[in-house]
């Protein structure tokens, strides 16, 4: 009768040990049970794999995880799980405090770990920059009061574009006061401005808003030129219309409507086509038909009067 397969069991107990900031850390545990055994590592409940800051191996029933360089982002709980067809087992948790750097990388015989770093204070804002609403042409200053372990690095952004000190702006950091000064602002500079502060322990940022009212100098000059151009066009149009008005009136007075049928009454029929062309009539056949109809109508009217 076949023997039942043995579920995995960790036979190495975790030990509490100190972790120095910036060094590598090794996690080792030994497991027994029926093969094949599958090993997974997780940090704060999320699985981690080899790559980046982690290296994972499982050789001779020894599960090994190395954190290549312990940093603030590596603090948390690390858990090792072993599983096979018969079942699974988990390791326990060990709490580790930071110490001064040892000569060699620290090595841990543990399964799960929580790491704290008290040696560096990440940056934070004591006072955030307030939004500003100003008139065009003003000089403005955004002010932040910050704290954190030195050295602190401060950057300012307009939208996603980093600002560089120059003739349009000044960036300073003195006695925990970070300032951004903008000179001669115009409406085109309205938008979101972000202050970003960082050190070795972390990074933080906050965003404020600038609204500039009024026309910028460039827009004002463009508008002024446009008004002048429109004024010139109106004036020229008035002068041309004024000079051409008498001629138009004279032409209107000289132009009198011509009744072509009345004209052709006293013209030799052979000259009909000549006179029609003279007055811009191209439908000569239609003209003759109209003329014949007119004569017929006049004849009938004369005959009616006689009776």
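Cβ atoms here come from the backbone N, Cα and C positions, even for glycine.
Bear in mind that TrEMBL entries carry predicted annotations, made automatically and left uncurated.
Now, the feature entries from TrEMBL:
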DOMAIN    8-94  domain 'Ig-like'
DOMAIN    123-205  domain 'Ig-like'
TRANSMEM  218-240  transmembrane segment
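Mean pLDDT, taken over the domain 'Ig-like' (123-205), works out to 93 on the 0 to 100 scale. According to DSSP, the domain 'Ig-like' (123-205) comprises 3 helix, 49 strand, 31 coil.
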